[in-house]
Each structure stands twice: as structure tokens, then as C-alpha cells.
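K.L.:
Here TrEMBL flags 10-132 as domain 'RecBCD enzyme subunit RecD N-terminal'. What TrEMBL lists as ATP binding site is G201, G202, P203, G204, T205, G206, K207, T208. The feature domain 'UvrD-like helicase C-terminal' is assigned by TrEMBL to 564-610.
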Amino acid sequence: MKLLEELHTQGCLRPLDLHFANWLTTQQPNMPDFLVLLAALTSQQLGEGHVCIDLQQLDLLWADWPTSLREEAGRLRRKQSVAQLVDHLILGDGQAAALDKGSVVALDEAPVAAVDKRGVVTPLILDKGRLYLYRYWQYECQVAVDLLARATPADFSLPLLKEKLNVLFPTRAFPSSATEPDGQRIAAATAVMQSLAIISGGPGTGKTTTITRMLAIYLQMQHHQYPAKHPVIRLAAPTGKAAARLSESISAARDSLDVSDEIKEQIPDEGTTLHRLLGARPGQSGFKYNADNPLHLDLLVVDEASMIDLPLMASLLSALPPQARLILVGDKEQLASVEAGSVMGDLCALPKQARRSEKMTAFLQETCGLVEPLAFNSLPFADSVAFLTHSYRFSRDSGIGALARAVNNGSAEQVKTVLQSGYSDVQQLAVNASDNTQLIQHMLVKYRSYLDTVSMHAPPADILKQFSDFRVLCGLRKGIFGVEALNEAFEKEAESRHLIKMNGRWYPGRPVMITRNDRSLRLYNGDVGIALIDAQTQQLKVWFDQGGELVSYSTSRLPQHETVFAMTVHKSQGSEFNEVTLVLAEDAKVISRELVYTGITRAKKHCSLYGSFKTIVASIDKATIRMSGLAERIWGRG
């Protein structure tokens, strides 16, 4: 089809999208051109993170196309209505279906089955005005059905829960706000009272502290009800770095608990990646653990849940025993997953009228200061969702906290006010949009003490710790302000100043990030190591901190990796640094409000924004909205 070829030439479609559309026409030679176009768009949008395309918003999909291509797409739409395409969505041979095709509304109540008369699954499915690839429609339905089934009250004693909450949450979390509900208590109570809990909170809101105390309450209550039983609890996260941070945080929080040593010992402090948990098999599709071979556990805590894409969530839920508890923890405001879906965001997309059940509301009013009124038309899933909003990391006079809130609100005026208010922990750096030299000089200043420490042959543990103090975060990989160009330019300039001595790609002090898992070495995507001279062998090795244990590997043994003085914001999720410089390139389409928020909130003590105010405003104006039907399946039409 000429239109598709033109779209491919213009960069609007990938080769994969074009191939998929062409393949469909070989399977159904009489397929209408408009449906072929929609098929290509569904594939293309999947690559952009969207699970489906909304047929009511097609104008948005081709808004950036050249005028002639937009007009041709509009002509095809006028020529062939969506309702006229139903035959080709249902029947592999294009025969007429016994379905009222008078309007799209007629398709609104139930999905159009993507199966022909022979029982063969066809690639496309239309459901409630959304067009999916069949596999992703299946993922979405499976996730919704599973989560709704799990969102039920658990077996527990209300009086005992109240007693344990008073012990482990003895005082108001923030006494200065006595009129506000105690968010940590609410989240902990939610996770005990429900078999499924979704807890969302920004950086420093006490998510790990809350979960650790909740696990102690859960174990005490289980011991009270079933003295002989020892529940199996597992901790997991999407990446190795996030799993390591979860392990460290749980371990630290566990040690300070006011509970018996027996209870402490049952709280795990070793996290794993979701792929390891599920039993990823290199070179093979699927996982070892699935519906036919479920995981052996009673409760699973998953941190950084916003990073989980739709297919991975479907695999996780499939492998989880029906009776197991699940706690998803994350920040709904962060970047969505790299791959398709926005699962955490969809699960937290409560309609305005959503209310907890009468029983849940009454208990939280009594024990946690909840001010939500009793409701008699509650949504059951609302009982499983809790939000942490009070930040313990960023005080009320914190510039980082104020900037993050302003970005989250999408308010250019608030952002401008923060940047001009003289906060000591945020700054906007002067920008030269056509040259990265100024930024490289900034990086040299910030990394100088780290490179000096390397040259003094300090212990690997000290060097690893110092490197984690500062990081440059970018929205892009390519371009002069992308990670590839910045890392290369930084190395070149550092070598010219004799701060590093390069020997090919390797030199003492080179920081690298693993980009491909290697289970045999226990190295996972996102792990960061430093190349240093081994004091015993005098050979260059790369040192990693694996859960508090230092390990080193020869450079030749490392799986796929890259230099990481600068890294993408996506790769930084699950990490924290004392100082961050966030690079916002001019006119970058991928830079969004969520990306800016995520980058800012990686900083604990200081954040520098390298970008013009115009670029910052343009970025926060672009809130990421991923096409999906999951929120509607969970919450109804709202």
C-alpha cells in the first residue's frame, strides 16, 4: 500500500510495522486499506508503549504526519467506517459476521472475538472502541481478571490488627499535621486486610519502612492464628539495582523493629529480580514458573512496580498461587515501563467517586484518622489501594521537594517560582543548545574528587561509594546531549587533562553499567561496577557491590555493558544519588513530565537542571498517557 510505504519513508512507521501490515494483506488479500493502516498503527503504537489504539482518537495518532499523508489517512477513514471492518476482525476469510455493524456503539458491550470459523486466532481484536494485537488484549484481560479476583479481604482479626498497629506505629507519623490521616498506618492496614495491596508514594514517603512494619504485623498475626505455620515471604523488583536497594532498605528497617528476634528472622532481607524469581530461561521464551508450575510462596512484595510492563505483570500473576498475597509498591508518578503498558498508573487511577467498603472505611477512621466518609456504593478494588503523600526526605523548605511537586502539578509558574527562589538544593545551569562543552566542564568538576580517589588507589568499597554520590541523567541516548556522546566526550576531555589513562576502552576508574543479565556471574541489567587495578594480581578488574559483598571480574568476562558517567533517566529508576544533574535536550519528543519528575527525585541532596526554561516548560506540559483498557477493566467507566 503506497500510504504505508510513504509513512515508512517518513519515519512514521518502523520496518516491523510495515512488515506486519504487509503480512496481513497476504493472509487476507481483500482486507480494506483502512484496516491495514490501523493494523500498522497498532503495531507502531505498541513500540511506543501503548497497549492498543483508541479509534476515537485517531487524529492524535497522525497529528505529526505530513499534511498529504494525514489527508490520505482521513480519506480512507471516511471511505471505510470502523463498523464496516468488523468482518475482517472476526473472520479469517473475510466472510460476513452475524453482528449489527450499524455503528461502533454496537461493539461497545463485548469484545469482537478474534477467532475465525475454524477456531484460528486472528491478529487483531476490537474491544470497546480499542484495537489490540490479540496477544496484548489477552495480557490485559488476564491481568484485570487476576487482580480483581485477588482484591478480596484476607483472613485476619481486627482487634489484633489494631493492637499491632498501635505497637509498630505508636505515634502520628507527622504530629504537625494532626488533622491529616496517618498514611503509613493506612497503607500497612491495607496490606494486612487485603490479599492484594497497591501502595504508591513518592521518594522518601516511607514505603520500605511501612512494608517492613507491615510484614512484622502480618507474621505476628499469622503466628497467633496458625502457630505451626511459617509463611514464605519473597521480595522482588524489576531490576538488579532496585532489588539490591530493596534488600538494603528492608534489612535496615527490620533491625530497628520492636518485635521479637523470631519475627525479625522471618522477614527476608534478600531481594531478587522478577526475571530470576520467575525463572527466566536464556534463549527460551516463557518462564520456569507459570500457571502449571506456580511459585512456592505465601506473600510477595514487589518494589518499583511502575517499571513492570503488561506482559511481565501477566507472567507474574500467572505464576502466583491463587491464595498468595501480593503487595505492589511504587510511585505512580514515575516513568512508566519501557515496554508496553502503564500498569501501576492504571491500578492507581481511581475514579473521583471511588470509595472504600464500609468495613474498611470504619476501621481506618478509627485507627488511622481517615477522613473519607462511609460509602454504600463502594468499589471493591478501592480497598486494595493506598497512597503515601508525606515526604520524610524532603522537608517543607526543600527545593527538590518543591520542584518535584511543581513538575508533578504540571505548573510552569510553580517551577519558575522554585527555580527563582534561591533554594540551596536546586539550580538551573546556563545552557548552550548547540554545544555540550559547558556541560562536560561541569561533569569534570563534579567527578574530580572521584577520579582523584581512584588515582590514590583507595579501597574498591570506598570508590564505589563515592561514585554513587553524583550522576548525570539524560532523557536521550543519541545526540550531543545523549548519554553516548556525553560519556565519550567526558572520557576524551578527562584523558586530555591526565585524569584518566585510557588503554583502549578500559582504564582504572571506568564506571560501567551492565545491560544484559548474566545469572552465572550474578550480574544483572542496571548493575554498576568500577574498573580498578587488583592489588594482588595487578590486573584490571571490575568491582561490584552485590548486596554488601564486593566481587570482581576480569573485563573479558563481563556481559554486555556501557560506560556510565552519564546514564538515561530510565536506567536510573530504582537508584538514588546525593547529587544529580538532569540534562533536558531542546525539542526532544521523548522528554515528558514523568521523565523530569523521575530525574529530579533521584537526587537526595542537590539537583541541577541543564536545560532552558522553555525546554523545562515544554517537558512538563507533556504528561505521558498510554493507551490501555486496563484502568477501565479495573475501575469501570468511572
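The backbone N, Cα and C atoms fix where each Cβ goes, glycine too.
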K.L.:
Need the DSSP three-state call for K207 (ATP binding site) to compare against my parser.
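P.N.:
Helix, per DSSP.
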K.L.:
Applying the rule Cβ within 8 Å of the centroid of the Cβ atoms of G201, G202, P203, G204, T205, G206, K207, T208, what extra residues of the same chain belong around the ATP site?
P.N.:
D331, L388, S391, Y392, R393
K.L.:
Enumerate same-chain residues with a sequence separation of six or more from T208 (ATP binding site) and a Cβ-Cβ distance below 8 A; give 'none' if the list is empty.
P.N.:
L246, S249, I250, A253, D303
K.L.:
On a count of neighbouring CB atoms within 10 A, which of the binding-site residues G201, G204, G206 is highest?
P.N.:
G201
K.L.:
Within the domain 'UvrD-like helicase C-terminal' (564-610), how many residues are helix, strand or coil going by DSSP?
P.N.:
12 helix, 18 strand, 17 coil
K.L.:
Provide the three-state secondary structure of G202 (ATP binding site) computed with DSSP.
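P.N.:
The residue in question, G202 (ATP binding site), is coil (DSSP, three-state).
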K.L.:
I'd like to know the mean pLDDT over the domain 'RecBCD enzyme subunit RecD N-terminal' (10-132).
P.N.:
71
K.L.:
Looking at Cβ-Cβ distances, which residues of the chain lie under 8 angstroms from P203 (ATP binding site) while being 6 or more apart from it?
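P.N.:
Counting only residues 6 or more apart in sequence, the Cβ neighbours of P203 (ATP binding site) under 8 Å are D331, S391, R393, F394, A404, E576, T601.
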